[in-house]
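Chemist: This is the structure, below, for whatever I ask next.
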C-alpha cells in the first residue's frame, strides 16, 4: 500500500484553533497534534465518563475498559444533573481547620465530617464532594463491600445497582431465603430464526482500544473548562501539561473555555459515524447513544444548548444512521426521576430529558427512525409509597413538553417497580413499556406471576400494544446475572456476556445489557448462528494491524523524517478489524486488545542465590572504595601520602604486571615519604634558628628544585 498523508483532523487544538504549520511540517503531524487534545491516552484532562462502560446506566462501570477516576472527600447527591463527573476542585484543607459543609449540585450535606485522625492502618478512600454521585458511590462501596454487608435503603431508592462487589458477605437470613425460593419457570421457546436487531450500549470495546481511540463518551472536569478560559502561554503550539499551560497573567475569556468544551463534544459526535459504520460491517444495527456525549449539558449552572455549535455535526451523524437504517436510543441516568418528592430533583430530571430530546432531534432522522429514538427512564425510588410516587410521576409527566413525551418510555427496575406496577400506568398515560427480562427475575409480583419467563409471555400482547399504539417499534432489554449470584442484590450484577435469548418475538429490537458490550452480541451470534456470525474472527492476541500506532510513535516519526517508507492505514479503515475482521476477543481476554505488558520472569532458587552472591561482592567493593577514598581525604588533610599495596584497578592485568606496578608504587611512596620527612626537618630547623618559617609546601617545592639541579649536574 503506498504511503498516504492523513487528512487534517477537524478536532481543534486547545482553545479551538489549529496553529499554522511550521516549515517542513506535514499535514499528518498537524492531525496528530490536533487530535491529541481529545485523546485520553495523551491528554490526562480527558477521560471516559463513568456511565459509558456500564452494562446499563444503573450498573457498575467496567474498570478494564474505562478506569475509574480517583476522588476524595465524598458526598452523594440524589441527582447529579449530568451523568459525567461534575468537579470543581476545592483548595486543599489547611491543618487545624474544620471541614466546610460540602455542596453537591446545589444540595448541602447535613453536617460536616470531622477530620480523620492519623493512623498507621490503611486508610479508606475518601470521595470528593464535587464528584459525580455515581462515581462517588461506586468508589466508596467497592472498597467496603467485602468487609460488611451494605444496609438496604428504607425508601427503596435505587442507588448504585452494583454497589456491592462479588465477594460481599450476604446476610445469612437473606441468603437462606434466596436459596430456598422456588426455582424459576422458563419458557422453552427460542425466537429463531432471528429477524430482529441486536444492540449494545454506548461504548465499543474494540474501537475504544484503537489508536486513536474511537468512542463518544469523552468528558472532563468543570475545573478544566474554567481553567481554559485563559489563553495558552504559547498559543501557536500544542498544549502541554507543564511547558504550555493556560497563562493566568492574561485576562480570562469565557469564549475560550466554551470552545474547549465544544471541541470535546464535537469529537464525541464525529465518532458516532465511525461506530455506526463498524456496526454495519458486523451485522449490529442497534445502538444506545451515550448520555455523556455532551458533558454537563443539563447542568444547572454550566448547562448549554446543543444548537447551533453541534447542529451540523449531529446532522452528519444522523445521515450515516439513516443510510444504514440503524436504530439509536438513549437511557438517561438513574437520577432522572420524575416521581421524586424533592422539587430540585424533578427540575434536574426535566432539564436532563430536554437535553436528550434536543440531541436526538438534531440528528434529523427519517420519521420512523426519529419515532424509534426513545428515551428510557425508571420510575425511581419508592419514597413514601409506590402509589404516592406514581401520583407525583403522573403530575410531573403532564408538565413535560410534547416532544419529550413522544420519546419517554418506562422500564421495570431491579429495586422497586415490577411489570405489574408499571404496565397499568403506561397504559393509562400512553407510555410505551420497556420489558427488562433480567430485572423481572429480581422484582416481580409473587401473587400474580412466578419467577422466570414462562408466565411473563402471557403479558407480551399488552406490553407490545403500548408501543404499536404510538407507532413506535418495540424494544426490550436482556441480560443475565453472574454465576455466583444468589441473593436479589447479588443478582443485580450483570454478567459480561449472555448465553441465551429471551422468548420474545423474533422481530424484536433487543438491547443486550452486558459489560462486554459488542462482544456479548458477537457471543450470541456465534452460539445461535445469527445473521452476521460469519463476519468476524478472533483477534491476534496483543497485536493490532488496523491502526497507525507505529507511525505515530517516536520511532515511526523518525523513519518518516528520514524519508523511509511506512504503510499507513487510511482513516476510514482504522479500527475496522482489517480484511479478516479480527475484532472478537474470547470471554475474559480483554487484555488481548492492548500490547502485552512486560513480564517479569521469576528466577529459580539457584539463580537467586547466584545473584545474591554477585550483589554481595559488589557491596564489598563499594565499601572498599569508600574506605580508600576516606583514607585519601584524611591523608591530604594531614599532608601524609597514602599507599595501598593491594590497590589494583586493572582487573584484566597479568600477575607479573600487577607485581611490577605494585613495586613502582611502593618505590614512589617511599621517595615521597623521605621528601616529606626532610621538608619537615628543615622547617623545624628554621623555627629553632628564629629565621623566617618556611611552610611545608614551599619546602617540598624547594626540595624538588634542588633535585632537578642535581640531576642536571650529573
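Note: Cβ is positioned from N, Cα and C throughout, glycine not excepted.
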Chemist: Labelled region 'Disordered' by TrEMBL, one stretch among 429-451, 452-474, 475-497. Can you tell me which?
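Modeler: Feature region 'Disordered' in TrEMBL: residues 475-497.
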Chemist: What counts of helix, strand and coil residues does DSSP assign across the region 'Disordered' (232-251)?
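Modeler: With helix first, then strand, then coil, the region 'Disordered' (232-251) has 0 helix, 4 strand, 16 coil.
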Chemist: Pull the DSSP breakdown for the region 'Disordered' (475-497) and write it out as helix, strand, coil residue counts.
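Modeler: DSSP classes over the region 'Disordered' (475-497) add up to 4 helix, 6 strand, 13 coil.
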